[in-house]
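One structure is given here, and the rest of the page talks about it.
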């Protein structure tokens, strides 16, 4: 019983490794050994590649893609053409889509309001100014990194930054004559 199992599991033919090695080392009809030359060339190429990688120092400079992502002023959004603008994740309704999962479908609104402002000389002047209101969003709206209360208007001043939810995207309020 032992003997029959041993015979089934063992092979009497030469192993593949020894046969292929012997075949590879045979010279061709001209007596040249091409396999050895190919191996030498391959090894030389690998060594050259390793040396080149070792000599090359890593570059920690911003790549084009990363530099593009860190650019905060991509393009201005002109928000003076309507009386209000809705920010939110729902593209069918929002004027300015926020596209971040932490933002609500209807997150916040910027509305232009006519208000009376007292001038330095004590006179009252009517002026149209932008105001923002958080529409009860779950993750909040931020002016200059300060969370605002929902359902309340806040006046926006020049160079105020707006953030919605946990998004890292910032919106900066600029006047038409502002330098970015």
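Cβ from N, Cα, C; glycine included.
TrEMBL annotations:
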COMPBIAS  7-17  compositional bias 'Polar residues'
COMPBIAS  21-37  compositional bias 'Basic and acidic residues'
DOMAIN    85-148  domain 'FHA'
REGION    1-43  region 'Disordered'
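The average pLDDT the prediction assigns to the domain 'FHA' (85-148) is 93.
As a summary of secondary structure, the domain 'FHA' (85-148) carries 0 helix, 33 strand, 31 coil according to DSSP.
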